[in-house]
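Now, the feature entries from TrEMBL:
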type: TRANSMEM; residues: A:12-32; note: transmembrane segment
type: DOMAIN; residues: A:48-197; note: domain 'Cytochrome c'
type: DOMAIN; residues: A:227-312; note: domain 'Cytochrome c'
Amino acid sequence: MLNFHKEHKNLVLTAGVVFIALSIVVAILPAFQMQETEPIPDDKPLTDNQREGLNVYVSENCMACHTQQVRNIEMDNIWGDRPSIPSDYFYSKKRLDVWRQSPSVLGSERTGPDLTNIGKRQPSEDWHLLHLYNPRAVVSESVMPSYPWLFEEVDSVSVREEDKVVSVPKEFFNKPGKKIIASEEALRLVDYLKSLQQTELPGGNVNDFIPALRKIQTEGMDGEKQAGSLDGAKLFSQTCAACHQETGKGVTGAFPSLVGSDIVTDENPEQLIRVVIQGYDARSDYGVMPPFGNQLTDAEIAAITTHERSSWGNDAPEVTEEDVKKIRELIESELNQ
Amino acid sequence: MKTHKMLLWLLLVAVPNFAIAQEAITTENWLSSPGIIGTFVLVAIVMIIAVIILFIKLNGYIDTIKRRQIDKNKMAFDDELVAMEEEDIDAILEKRKAALKYKLKGDELSGENKAVDEKGLLQRVENDPANAYFDEKKKTSLSLETPEALKKIVIYYIAAAAVWLVLGTLIGQYLGMKFIWPEMDHQQWLGFGRLRPVHTNMVFWGWSSLAMIGLGYFVIARTSNNKIYNYKWAWYGWWLINATVFLGSICLMAGINNGGGEYREYIWPVMLMFAIALIITFVNFYKTVATRKISEIYISNWFILAALIWTIVLAIIGYLPFYQNGLGETVVQGYYMHQGVGMWFMTFTLGLVYYYLPSALNKPIYSYSLGVLAFWTQMLFYTMIGTHHFVFSPLPWWLQTVAIVFSAGMFIPVIAGTTNFLMTMKGSWNHITKSYVLPFFLVATIFYFVGSSQGSLQAFRFTNYVWHFTDFNVAHSHMTMYGIIAFFLWASIYAILPKLTGKEPSQVFVGAHFWLAFIGLFAYMMSLMMGGTYKGLSWIDGEPFIESVILMTPYWVWRAVGGSLMFLSHLVFAYNLYYMVTGYKNTSPSIKTKKVEEITV
């Protein structure tokens, strides 16, 4: 009956029908299933501005190098507090318009960092703008392309009130009487990037990463969180070095140096701890520092500040977890007054 | 008894160990992980084959030098003759006269005497004289039987493909250099993110697809012993596919892309043209096969017809919007990107190999049934494994498991195909010295085994852990799309074009193409495989991300070096192609009707 060697009709029909059947099972049905998710209660829809930013993200094809998925394995823990779940993509993965489908933001290659939580990890708008203008201005070893076409070069005199001026260090832009201002597109893109934050699940995040290192396996996943075992240098390079650089020297004209800084090397660490927890916007010649109080634990802040106070020629006494805790309480009581 | 003990040992010790080893993932013993060891072995196979080919080629070269020496000796002998005295010559001639007059009595080996071959003069005793001329090959000339219209179609498809190959890999090379010099240009249209899909889509839909379909037209007509159903449709397909790649590339560079899912970056109005081209091609092929002049459908046509119908389905599923919000899109993306490779490029190319390899060697395929097995298992296993691009992602775990299990199942079609091709080549290894067609086929077959097996190993848990998201994936995709598909296509092109046009390119240039492409690819994939592994290990060890960027620099440099060699080889290929097809219509009929064996292989 089914003589495939002689009956071309049956051959083609069988190959076609079986393939379609398998495709329905392995692609279409699961796809329909995955589509029926609901948003996490605290998750907010993208604003119009952020949606425009996502459009810039897609048309520049940032997905070629950046992923947006925290896998449930231990090494991805640095990219988010919990593994990504389908609901995380409820608002961002919708059909863009008639011509373009829902964006493939999950990505397949991590030439650059994962961006699931970039808004939390890097909340500073100034940093993002400078980084887009020239990534090497803030991360000297970066291989990311720069996006000068998202910025405009204007005469200093014609800068309007509402323009966002990007303070670019001299080595990267040195034309007297000219300023770099961010275009509407750049601002929207940064707005979108800042919106990329993992929403906490109701009832707290369940930490179900599959551990990778034997060290952590034997100590338990929380073992690393103990004070003392924290590596201040590593935490600094993960959290702070993006702006202040590994050398602590910062980027002149954008992010201040920590080397020999009065705040950093003061005998009393209170001001330094306050800056880390609350952020800092007292100097007009530098970008705004966002608060890190929610992102870092007391022990982590202690480790980082200790590292800052004892590196690059700085020589100030150690900061303990207790110190940080006291100041955090102090700040909270001030706010409640 | 011993084997029983071994089995028991395996079951009791090795298997649970293996299972536990899966639980305790550590980077300390990464070198002894089964996936990594497997990959080492596979790469070693490629290396060894390359050395063997080089050795055979060198051997051939030494042979020619030896032959030159023999010629020299002959000349010396001639000189000696000229210098001889007349009497000496007379004496020799007298001797020769006597020798010529000498007659055998006729009973040296028979008659009264017992038949003994005392001097060992008889080499072979043939009892079946009807078979005495077994080695004689039937000499045919394709030129007479190939309609001019079909020739033109094949040549134009391949020529367009070559243009996209050169342009597409030039862009690829440019992108590779951007890893080393990110500030190379500040043009929005040349930004890395925009240009990357231009490269991938151009070599996919422009180079590989056009070359495949062009070569396919010849196979379909030839194996059905028939004329192509409609020549005009072939030209519609040609225009549509070229328009797809052209407009698609312009769109991508202008920042209009379909959401960034790999290989479906072209927006639907553009991709629709490609789908229509596929449908036209399918109907054209199908009608040709349906009216074939022989009763059997040759196995090549199975693969080629199926590849077309599967890819039409695939394009429709990949672009329909109803189930593509949220992670629905991700499920379809995994399915689409893998099937694009597996059901289109791999399946179609295998169909081509089942024709061009045996025809180049002038012998039948080793096993027809093995081909049939490979066909059905290709459909069953390949369709299911798309999600292995999203292991550990938020996609349902059952889907990931299915993908991993069926990835292991891929060994069946791969081993079936590899065995079939290698056994077909067996006994014809001397062709390696005669031309570069067989070396191209051999390298592609080895890469078919190595690249596909390595892909299966990559779906293992530990290997996925190390390699996912790293540059290793880029190495894998070049090992397969280039090592398998492009090498098979070149083999087929060099096998068929000289027969169609009667002009064979210089073996030196074909050799340059072969070695530049091979060495370039090897450098390309080794550097990215090593760099990718170190990158993954650095991530597992929790080092700051920028460390993994810094450590890649030397590997990116080597990748660019390998890429340059590959690009150079494409220029040589373009020249060879130009030489083969230019002015072929004016080639004198005497060359055109030359016996096939004298022209090529």
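Note: Cβ is positioned from N, Cα and C throughout, glycine not excepted.
Automatic prediction, not curation, is the source of TrEMBL annotations.
Since the structure is predicted, the reported quantities are computational estimates derived from the model, not experimental observations.
A Cβ distance under 8 Å defines the sequence-distant neighbours of the transmembrane segment (A:12-32), meaning residues of its chain 6+ beyond its ends; these are 2, 4. Remark: secondary structure over the domain 'Cytochrome c' (A:48-197) totals 59 helix, 13 strand, 78 coil, with classes taken from DSSP.
Within the model, the domain 'Cytochrome c' (A:48-197) shows a mean pLDDT value of 92, rounded to a whole number. The residues of the domain 'Cytochrome c' (A:227-312), classed with DSSP into helix (H, G, I), strand (E, B) and coil, number 38 helix, 4 strand, 44 coil.
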